[in-house]
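Presented below is the structure to which this report refers.
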Amino acid sequence: MASTPGPDPLEDSSEDERPKWDNKLQYFLSCVGFAVGLGNIWRFPYLCQSHGGGAFLIPYLIALAFEGIPLFHLELAIGQRLRRGSIGVWKAISPYLSGVGLGCFTVSFLISLYYNTVLTWVLWYFLNSFQHPLPWSTCPLNLNQTGFVEECQGSSSVSYFWYRQTLNITIDIDYSGSIQWRLLVCLAACWAILYLCVIRGIESTGKVIYFTALFPYVVLTIFLIRGLTLPGATEGLIYLFTPNMQTLQSPRVWLDAATQIFFSLSLAFGGHIALASYNPPRNDCEKDAVTIALVNSMTSLYASIAVFSVLGFKAANDYGRCLDRNILSITNEFEFPDQSISRDEYPDVLTHLNATQPERLAGLHLESCRLQDFLDKSASGTGLAFIVFTEAILHMPGAPMWAVLFFAMLFTLGLSSMFGNIESVITPLLDMGILPKWVPKEVLTGTVCLVCFLVATCFTLQSGNYWLEVFDKYAASLNLIIFAFFEVIGVVYVYGMERFCDDIEWMTGRRPGFYWRVTWKVISPLLLLTFFVAYIVFLVWTTLSYKAWNPQYKQFPSRQEKSYPGWVQAICALLSFLPALLVPGVALAQLPIWRRQKQENVQQNIRLKLQVSEVSDSEVR
């Protein structure tokens with residue numbers, strides 16, 4: 001039978017006024033929507049493919065078991081027990097840990113800025129998908145109407161639409177360029193949609209989440225079924241999952257596996273603490289943590305199969321077109337009858353000509369056509385979503401329909417993740433009582449969304465994509481590892497392991513077993529310290545650089561690698577370390593308060609002793 005702890009001094013006296021989820025499904029879908037995001041679609045498949053295929057699952061599952069699930073359970077449990085947002089939880093545990101909550105709040109704010117900008121691009125592509133042919137299917141004509149635009153001819157219609165017609169990107173981060181008004185309008189629309197969804201907190205997001213969390217699975221299933229019927233799908237899946245155990249010798253593979261688990265579950269953002277704080281106190285948070293973490297990982301695998309079945313089709317299609325170009329060159333040069341050489345016969349014809357007329361064949365400068373080379377041309381992030389996958393869609397029958405479905409899926413995936421991000425910002429502000437109680441919550445929510453929109457307008461500049469990459473690389477990674485470490489230390493060694501286990505037993509009816517206790521107390525902190533050291537080493541040995549789109553570059557359409565200028569490197573350093581410095585900064589700021597309280601306590605004790613002595617003297621008289 002579960003023990004019943006006595007009254008907890010950390011309990012909020014006003015917890016009955018705190019909103020609650022309408023049902024368990026709303027909470028479950030909200031956590032799944034927050035955890036399952038764009039990274040499951042465009043980062044995990046790339047990591048799996050580039051880090052040894054099926055072999056990558058070994059470090060991934062180890063990181064899930066000993067880092068992801070334990071930390072996830074810890075966040076859900078402490079948020080549910082203390083019923084506060086990230087700042088309130090760590091301040092209640094110890095005022096010296098307030099910086100952890102403030103740091104999580106800061107990082108969530110920064111991530112919200114650029115994450116919603118990605119949704120801006122998705123919305124732009126979604127709106128452009130309602131036309132046939134798709135606008136990125138062909139190059140536009142030049143000003144004289146005598147040919148195609150040179151920049152497009154030198155790259156591809158898909159790349160041109162992304163870099164020039166969408167971003168209108170500059171050739172250097174030093175040159176900001178002007179605001180792209182079409183992107184600014186889409187950015188405003190995205191923040192307006194988000195505001196309407198989160199206007200009343202979990203009361204409104206709890207209704208919308210049924211669609212935003214489930215719709216992506218419907219679309220993924222449609223893409224999976226269609227993708228598996230396409231030629232080349234089998235080759236794509238074999239390429240994705242063929243294990244290469246030698247890659248496990250690289251420390252980078254293990255670090256990438258750990259960080260993927262970390263960011264895919266949205267650990268240390270503060271969002272899961274906020275979402276769990278609206279749960280009933282007796283909710284089974286252990287079961288929730290394990291179930292949601294497994295759903296998140298299975299979604300990554302599911303998405304990988306759907307994505308690479310389509311990318312396998314694209315590779316097979318590109319390989320076939322490469323063969324066709326070579327066959328056409330051979331047919332014209334050696335005056336073979338039209339369509340006399342099939343793709344299957346091409347290798348034999350090539351071998352025969354290479355043996356009989358090698359010099360004449362060499363003069364054709366035929367392309368090297370290998371299916372493996374085309375399968376290697378995968379990408380992650382925006383490169384996968386807006387270039388590689390959009391090009392694959394062009395070759396599918398009914399391309400506009402597939403484009404609409406794909407970008408609608410990305411938008412709902414990102415939107416449900418933004419619910420958690422913005423909740424990580426709004427809930428702590430509500431808990432701190434920034435505004436008087438008579439001010440409606442809608443005002444605070446609107447103010448936050450408006451401020452985020454105004455700050456995020458910098459990403460709609462022509463250099464906005466470069467700045468988004470800066471925020472994506474440096475705003476979260478190191479900070480979240482540090483915050484997660486202090487979260488574990490704060491709960492296990494400040495709040496107390498036994499006290500925490502008592503709380504979980506009271507909430508779930510089961511006391512945490514050996515696995516939970518040893519991961520919280522030893523394994524997770526050591527893993528986080530290892531990741532921290534490894535990340536610092538990679539940061540020191542890696543040149544701070546970016547890849548610029550420059551039509552004048554000699555190797556165009558390859559992007560030109562440039563080093564960040566000094567002032568941008570300074571911003572990278574600030575983003576990497578400033579939020580984390582809030583932890584020691586706030587702790588040091590608490591010292592004068594502690595000393596003052598100590599002096600007040602001493603003075604109060606002296607006054608009490610004097611009063612007692614005076615009473616004693618009067619009684620003697």
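The backbone N, Cα and C atoms fix where each Cβ goes, and this holds for glycine too.
Among the features that TrEMBL reports, transmembrane segment is placed at 27-45 (among others).
Annotation source TrEMBL lists transmembrane segment at 57-78 (among others).
Taken from TrEMBL, the feature transmembrane segment covers 99-127 (among others). Within its own chain, the transmembrane segment (99-127) has Cβ neighbours under 8 Å at 38, 85-91, 166, 182-183, 186-187, 189-191, 194, 268-271, 382, 385-386, 390, 403-404, 407-408, 410-411, 414-415, 417-418, 421-422, 424-425, 428, 452, 455-456, 459-460, 464, 468, 471-472, 475-476, 479-480, 482-483, 486-487, 490, 575, 579-580, 582-587, counting only residues six or more beyond its boundaries.
The transmembrane segment annotation in TrEMBL covers 179-198 (among others). Within the same chain, residues 116-117, 119-121, 123-124, 127, 166-168, 204-205, 208, 212, 415, 418-419, 422-423, 426, 445-446, 449-450, 452-453, 456-457, 459-462, 464 sit at least 6 positions outside the transmembrane segment (179-198) and bring their C-beta atoms closer than 8 Å to a C-beta of that stretch.
Among the features that TrEMBL reports, transmembrane segment is placed at 210-233 (among others).
If you look up TrEMBL, you'll see 253-278 (among others) marked as transmembrane segment.
Summarising the annotation, TrEMBL assigns transmembrane segment to 290-311 (among others).
According to TrEMBL, the feature transmembrane segment maps to 401-422 (among others).
Proximity of distant same-chain residues to the transmembrane segment (443-462), defined by a Cβ-Cβ separation under 8 Å and at least 6 residues beyond the stretch ends, is recorded for 109, 112-114, 116-117, 120, 167-170, 175-180, 183-184, 187-188, 191, 194-195, 198-201, 422, 425-426, 429-430, 434-435, 468. What TrEMBL records for 443-462 (among others) is transmembrane segment.
The annotation transmembrane segment is assigned in TrEMBL to 474-497 (among others).
The transmembrane segment feature in TrEMBL is assigned to 518-544 (among others). Only residues 6 or more beyond the boundaries of the transmembrane segment (518-544), in the same chain, are considered here, and those with a CB under 8 A from a CB of the stretch are 63, 66-67, 70-71, 74, 251-252, 255, 258-259, 262, 477-478, 481-482, 484-485, 488-489, 491-492, 497, 512, 563-564, 568-569, 572, 576.
Sequence annotations record features per position, and here TrEMBL assigns transmembrane segment to 564-589 (among others).
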Contact between the transmembrane segment (474-497) and the transmembrane segment (210-233) is defined here as three or more C-beta pairs under 8 Å separated by at least 6 residues; is that satisfied? no
Contact yes or no, the transmembrane segment (57-78) and the transmembrane segment (564-589), 3+ Cβ pairs under 8 Å, gap 6+: no
With the transmembrane segment (474-497) as the reference, find which of 27-45, 253-278, 290-311, 401-422, 564-589 contributes the most Cβ pairs under 8 Å. 564-589
Any contact between the transmembrane segment (290-311) and the transmembrane segment (253-278)? By contact I mean 3+ C-beta pairs closer than 8 Å, pairs at least 6 apart along the chain. yes
Is the count of Cβ pairs under 8 Å between the transmembrane segment (27-45) and the transmembrane segment (401-422), pairs 6 or more apart in sequence, 3 or more? yes
